[in-house]
């Protein structure tokens, strides 16, 4: 090692501006065979003062304490040799060997010693003061201490008590640092109030020594120091201007005290006790820079500081250049103290103080100074803090550029600050609690050891002397080793000497006497008076000595047992040992042998029982030789090993040792450590044959607990002679109580009970939390638990929103496991180890964590299997797979925990906290390994899923697959983030628990990381698994409004039901452009055309679009009203324009989102409920009657607009006065969904027609037996008529005068309404409900035709059929299911009539199932529109479509039907030419049975049946052909679905007509059907659209566009073509009209024009376009859940 020379600057106190630079004196050593390296700073040269190769001290380079070497060994030419190598050089290196210097004293291990100075090159010619020679050269006087030590303190050289003997330099242990000398060592004398203690030497690791300084600066001793130690000096640094205030005072000696202080910058907790090994031979050389050592005043010893030393503590280099101030330096030295009759001087942290053994003993004693964590009752009191605050030390610059003429020198403070912070919580402590006197041996025992090794020595005499010495003399650590060695030697020699005694009795007597002496000696060693002797040994030596004592006693006992040849029992009882030697004849052994007897050993109630069979099988010659022993106080020696502690923390050892010394203050700490103590006396048993062999039958031990309070977890153990430690192998705990434990062992040796100590002052894991962290942990766990519960309730309450899928089941189980983990953790951290719930909590927490990780793995696997199988296109219940997940998850977890319990149940109870298993092999095998396997599998499957998604994204997929792929991609992303958060939470919790146990500095960081990550985990679950789902958001709002127990402010929330406003014309509410879509994506790219308009646009249509932007939804009830402006939603996409939208845009109906999916920005109907959406359609307006004002369907003024033009103004003004202005922005549009189930893969099933209703209650829509084209919703229709007001607070506006001819009908409706309120929810199934509604429409069709004829007044219509009264009676007796809206809309809401007929006509409400399933794709080839158009002349579109299907062979099962748009006159004219084809479809068996009673079977029905049969046969081929078609188009799908739906209802309506004897008129359709024709006197107007059916015939937009634009047959059918408005489009539900539009209608639809219009239409060309009429736009989309949505245009005012 290198020592860097330093110049010591001594400044005069009289002249602060002048400094005299004095080179610093240094000493370096190198053991024989090693190199001595000397190095000075740049610009400085080596100036040698003296040198010697030989030996002047017995301690330097003497690790083994050899005292026979000569200490007067000197090579005279040593200085000459060194000068030739090092003089006037900056650095040099010299080998300390006889080849270089010669051998002045053969047989003595020598060392090279050099005294030198580092002087600047300019001062090499100046004269320097030669310091005094080393003290061991000048002083040879008698000792000054009465303990026989011939040492004096080196500061007393040259004066005081005459000549003093030189202090021997003693070796130290490897890996430790000496305490004195230059370059970072202290040698501080005590205050003048007491005698100067022996000197302390400066040793380096492995006995290597540091240089000794002889500076003479003194500092003031501050008041308040309890230990009487001088504080480190203040260092004032000025750039090139150093002011050192010194006041020389006289210390206790006549020569100024020599001292030098250096504060280390970085240390760590030291734990090694004692030491061993050999010197590594390296010499530690310290580089030192110049420094100042100012004193403050008055008197006191001197402490100088070396501000930039490079030191090594425990083989760790410490850079002291950035050291902290004096407040830290006071904590870097252990104070002087007296221990074991020795005075231990102040010692630097990391150094080992070495000195000769006390008087009467030979050898050396050592004691180390280490840093330890402060205890709560830290000795760093206010006085220390005040002292630390008044003195600061700033590091010196190491460059040497700060000359005394300069102004200032700024010191670096960064490192000092860091060191200051690190050392603030530590304090210097002597370690271990007592000095290490392992090498100290008494002269008496040394004499006995020499005697026992002599050939003719008397063993009995030696044993007697040994027992006397051990009982009367003070022993040291080395004496314990010698004594046990003598015991074993005596027994070995007696084994050979006993043969010299021919007489058996004499032989037994001699051995018995020897045994008595040995037992007495052992008892003396165990006596309390010799406890300090045991503590002189390090823990390893203590275990070795104890093992040697036990084996020596046992060996001597069996020496006697082998000598006895007959049955006999010998008992040796002394103070601390009871020894029993029994020789038994096997024939006399009748039962088990018990030791000890109750009267033999009153000290303890322990007993050991040997079974008879084990004794007999270990007999020899018919005799069984047994040795029993019971020990007192041995339990305080044989301490358990602390291998489960981190040995880097010395506090663990200090606490454990404190139990041995009953030092409660030393054991009090701020961290609950798990301590294992020996909680019973030690009892021993051995058999002669094999002694420690395995037994066929186990022995039974009953051991009494020494401590009954605050102990737990008893463990039966035996002492392993080989490992010198306690082991539990072969022993088990049979039973235990508060005072005793019963053990069973299958071998013999020394037994005891180990138990855990529980700190009575600290009860749980929370005791180590500070106040803030404890609160934060409670808050974090509470937040996470609340959000997990919300997620679970969401999946349960709103399960109708989702298809029951494997992913949903997986997440439910993940949430359950996480909830269990959070709750168990919260309970576990509050439990103590003594709690009965501690083990149970750990077991269940283990199981919950394993289950949670396994579900994460299965979630990743499920995503992977979804991408690699057909599940990508199917999201249905997967019960078999989920059942496998359940079995593997919970079954595997429980199995692992059960195995862990079987292997080692104590794993769950032996840890410090009740939330963590003990870190052993079982823990790593059953906890860490499975968790890592599951996590790695989850990461692997996630990685594979990403690869597959990347591949699929580059291939051409159908729209449905792209949508599903986007959903899976989003799920995988969310799951991966979820996985990362959960891993962070668990890792932070684990490292926090482990770090808190070891008291690591980063423990707090882990704790707060756990708090943050756990809170984020709860928020993530709620946001990304609940809030991000649009359906769940909608269901939350519905749920809030449907429950009366919630606060009214929540149920009447003004937040929009959906996520935006559907507005036309590109404007939203309030005149803003919120509804405008700004995307440049074309409809072609989006694959979902939104709409188009005809080339001709009249002023009326434009006004309608402008007024539609001002509409708003209003949902009202008796207690709340949604009549305010809806919240705007920022649209992130734009208006989708393209070739299909040539002139006008539909406005802000749809938003384009990721994955090329569209989402609505409109509103859902306020009558929607969970799992369904209500769509309300009105009867078509009869435009030739006096125009009736259209009302908003959700407003209470519906009937106020149904008056004539003359009375409309007054009533509108009346309504306006009620508070709702006509100019307020209001709109009403409807939303409905539909989906379709994919092809069934479960074999060929008998399919019903489209819309067939399953037999299960409420329609089991997900049966796998359904057809490929099965529509997954079954509409329910509610026929309502105008009646009482729906809103009492608008009673005047809602009670219009009723026509006189409808009084009887209204009376019937009043009775019917009362029945509805009393008999709700009575229909057993959707099948019954659908049949009921079909019957109602048939009845209403008949009644409405009569009313229209009477209202027209131009012709007399025939009276209603005779069975009309019967229909009305049945109509009143029917029971209906009443659907309430979110705001409790009553029946009156459904009684709001439409504008048809004199009484307004019925309003039909369609309830569509909102199931999350995949829709069936339809291709263009399914509908040959050209053929349909060519065959549609003079026929209804339904008949033409039936013919087209029959001719073309539909692939998808179920017939097609477009909405008929021809007038009634056209249908009547063409009826005779058309082939009547029944509108029946392939129905279920129950539907066919109902039709068997029908007497009429038309040709159309036969044709239809043939088509169904053909479809049944070609099912599988159709499924194959489907994969080769063109990419799907949402418009085709929508057209097909609605056509099938309309046809299904039409079939039911016609069946009702046939059942009641009415003629089946395929041109006369129900008023709710798309083909329904309500003409009468107004034949040119079409009926209202029921559902929204698209037509492909003459009157359809599709046919018109075919004719006008001549599109190719392969062109796709767009949504805007199917649902757009225009001259040829099918009529949609009517839109409200502006006052200007209504006046125009009054002029156009006058009675005169009505006749001419009727006549003209009756004879018009079939190909001519019908006149303009008010229609409403309909836009469609496919949302992220693969559900088709349609939005009707808002009603214009």
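Including glycine, each Cβ sits where the backbone N, Cα and C put it.
Taken from Swiss-Prot, the feature disulfide bond applies to 716-743 (among others), supported by sequence analysis. Around residue 716 (disulfide bond), a 10 Å sphere centred on its CB holds 24 further CB atoms from the protein chains shown. In three-state terms derived from DSSP, residue 716 (disulfide bond) belongs to an extended strand segment.
Per Swiss-Prot, disulfide bond is recorded for 731-745 (among others). Taken residue by residue with DSSP, residue 745 (disulfide bond) is part of a strand. Residue 745 (disulfide bond) has a Cβ environment of 22 other Cβ atoms inside 10 Å.
Look at Swiss-Prot and you will find 147 (among others) tagged as N-linked glycosylation site.
According to Swiss-Prot, the feature N-linked glycosylation site maps to 260 (among others).
Look at Swiss-Prot and you will find 306 (among others) tagged as N-linked glycosylation site, backed by sequence analysis.
In the shown protein chains, 25 other C-beta atoms lie within 10 A of the C-beta of residue 345 (N-linked glycosylation site). Sequence annotations record features per position, and here Swiss-Prot assigns N-linked glycosylation site to 345 (among others) based on sequence analysis.
Feature annotation from Swiss-Prot assigns N-linked glycosylation site to 405 (among others).
Residues annotated as N-linked glycosylation site in Swiss-Prot: 662 (among others).
Summarising the environment of residue 710 (N-linked glycosylation site), the number of other Cβ atoms within 10 Å of its Cβ, over all protein chains shown, is 15. Feature annotation from Swiss-Prot assigns N-linked glycosylation site to 710 (among others).
If you look up Swiss-Prot, you'll see 737 (among others) marked as N-linked glycosylation site, on the strength of sequence analysis. Every protein chain shown contributes to the tally, and the Cβ of residue 737 (N-linked glycosylation site) ends up with 10 other Cβ atoms within 10 Å.
If you look up Swiss-Prot, you'll see 1165 (among others) marked as phosphoserine, on the strength of similarity to another entry.
For 1256 (among others), the entry in Swiss-Prot reads phosphoserine, with the evidence type similarity to another entry.
Sequence annotations record features per position, and here Swiss-Prot assigns phosphoserine to 1263 (among others) based on similarity to another entry.
As annotated by Swiss-Prot, phosphoserine applies to 1324 (among others), with the evidence given as similarity to another entry.
The annotation phosphoserine is assigned in Swiss-Prot to 1325 (among others) on the grounds of similarity to another entry.
Summarising the annotation, Swiss-Prot assigns region 'GPS' to 716-761.
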(request) Would you confirm whether the transmembrane segment (928-948) and the transmembrane segment (836-856) meet the contact rule of 3 or more C-beta pairs below 8 angstroms, pairs 6 or more apart in sequence? (result) yes
(message) Can you tell me whether DSSP puts residue 731 (disulfide bond) in helix, strand or coil?
(response) strand
(request) May I ask for the distance between residue 710 (N-linked glycosylation site) and residue 737 (N-linked glycosylation site), taken between their Cα atoms and rounded to an integer number of Å? (result) 13
(request) Compare the C-alpha of residue 745 (disulfide bond) with the C-alpha of each of the recorded positions 345, 716, 737, and give the closest one. (result) 716
(message) Given a 10 Å Cβ-Cβ cut-off, pick out the one of the disulfide-bonded residues 731, 743 that has the most other Cβ atoms nearby.
(response) 743
(message) Tell me which of the recorded positions 345, 731, 737 ends up closest to residue 743 (disulfide bond) in space, Cα to Cα.
(response) 731
(request) Report, as numbers and ranges, every residue of the chain located at least six residues beyond the transmembrane segment (883-903) whose Cβ falls under 8 Å of a Cβ in that stretch; write 'none' if there are none. (result) 806, 809-810, 813, 843, 846-847, 850-851, 854-855, 858, 922, 926-927, 930
(request) Calculate the distance in Å between the alpha carbons (Cα) of residue 345 (N-linked glycosylation site) and residue 737 (N-linked glycosylation site), and round it to a whole number. (result) 50
(message) Can you give me the Cα-Cα distance between residue 731 (disulfide bond) and residue 716 (disulfide bond) in Å, rounded to a whole number?
(response) 6
(message) Can you tell me which parts of the same chain pack against the transmembrane segment (809-829), counting only residues 6+ beyond its ends and a CB-CB cutoff under 8 A?
(response) 764-766, 777-778, 781, 784-785, 788-789, 791-792, 795, 837-838, 841-842, 844-845, 848-849, 851-852, 855-856, 858-859, 862, 882, 885-886, 889, 913-915, 982, 989, 1014, 1017, 1021, 1025
(message) I'd like to know the mean pLDDT over the region 'GPS' (716-761).
(response) 89
(request) Please report how many Å separate the Cα atom of residue 737 (N-linked glycosylation site) from that of residue 716 (disulfide bond), as a whole number. (result) 14
